[in-house]
């Protein structure tokens, strides 16, 4: 039986690869990238928007991987949880939310404690501290007597040592309301792992639940100062408990815990530790009988209340490909695997018919500047094999390097990561052109394009709001058809080159026109 070889359309998402003309600590521009340079000169290209209102975020808010992949995969501007929650606060309906009211009612009924856990940060990527402050005010208004904040510290979507301002704000608010205090602090490295480093999660869980930690101090500010003295920036603060009047706070039966992060991927692991009856990733003293509420849905398998449940979009790129009987592959290493699957499919866990997935484990290193190539070699090997197989109509892949190494603030390592990616792109280009396929290269947001803040001269570990590239590599003649494009225009462009009709739910526009 003759096997029909498919001409693959490949979407390569270079996570954290923004565009900037500045060469000031720009790891992308200053790296040695002969393949990228030649592609940029030879093939049709443009720059598109990956942040702010154009991706459903508040004005001037930097984009992120979750938001980026949702917008790309859905082919429309998807208004994000941050925007929805901000709107609820603005319209004064946040305190009327059924799940939040139930968590508070549980505390009042049992004369127990309310615990808020989450990333205390103005970063706006995984959480926003203003949501936490609003929750504290609502708790006071509704009659809560004892509220304890377990603060995860950022230093990744914010400057590495910037938590003091947020801690002072939280401390002052709690003190002014005579409501409680910050009961524990820890870096997001521990509480917000997403790579199955359960030893990290265990330390955070034990500090929050059992008041069991390597360090105990009299205030959150003292804990932060001592962490800095140990040369631990915000992200890496070792889980620490705070003692007030000789008292350490534990989470007990009948308490309520509200998780204030709105982004799912880094909130899942510790949520399972709180809620799973048969949890076995590390020992717990007991399975707590608590009301556990999450701001958004982190995982459909979690047994908890959700304040802002997801709205499932229809006719995403994956669904349209399935309806047209096309085969598709999603591939990434662990750090970005949820993004090319769950987020790309608009918050859908299940695979579509005809959708295969390949997960490449991320390297087990403390920080990725220690291994800037990460798992890109293995990802590329699998990608080239998939292209050569002729099995797939469409492949979506993510390279994590420019984002994950960019987050370390290590400029030299970021350049090494970019240079390695350039070699990977060369292999993909050769394979696609050999098989008469189509390749689009883009990014979900910027990061490695600014490794040092020019104003402060300090490491810049957060995302940027710079535009991102969108390049077509293939044998078709293509012309830019859309100025000022955005991430939601990518899916319509892929459908266009594949000859598939765009559904009405996709409001994006094609970026390139192709000669028939």
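The first residue you see is number 1, and the count goes up from there.
Even glycines carry a Cβ here, placed using N, Cα and C.
Now, the feature entries from Swiss-Prot:
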{"type": "ACT_SITE", "residues": "65", "note": "active site, phosphoserine intermediate"}
{"type": "BINDING", "residues": "15, 65, 444, 445", "note": "Mn(2+) 2 binding site"}
{"type": "BINDING", "residues": "126, 156, 157, 188, 194, 263, 264, 265, 266, 336", "note": "substrate binding site"}
{"type": "BINDING", "residues": "403, 407, 463", "note": "Mn(2+) 1 binding site"}
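Looking only at Cα atoms, residue 264 (substrate binding site) sits nearest to 65 among the recorded positions 15, 65, 445, 463.
Cβ packing within 10 Å was compared across the binding-site residues 15, 157, 403, 444, and the lowest neighbour count falls to 157. The maximum pairwise C-alpha distance among 126, 156, 157, 188, 194, 263, 264, 265, 266, 336, the residues recorded as binding substrate, is 17 Å. Using a 10 Å Cβ-Cβ cutoff, residue 463 (Mn(2+) 1 binding site) registers 31 neighbours. Sequence-distant neighbours of residue 65 (active site, phosphoserine intermediate) (same chain, six or more apart, CB under 8 Å from its CB) are 15, 336, 339, 343, 403, 444, 445, listed in sequence order.
Within the same chain, residues at least six positions away from residue 266 (substrate binding site) with a Cβ under 8 Å of its Cβ are 126, 188, 192, 193, 194. Taking the centroid of the Cβ atoms of 403, 407, 463 as the Mn(2+) 1 site, the other same-chain residues with Cβ within 8 Å of it are 15, 16, 64, 65, 156, 157, 402, 404, 406, 445, 447, 448, 461, 462. According to DSSP, residue 407 (Mn(2+) 1 binding site) sits within a helical segment. It is 7 Å from the Cα atom of residue 157 (substrate binding site) to that of residue 463 (Mn(2+) 1 binding site). Taking a C-beta cut-off of under 8 angstroms and a sequence separation of 6 or more, residue 407 (Mn(2+) 1 binding site) has the following same-chain neighbours: 16, 156, 368, 447, 461.
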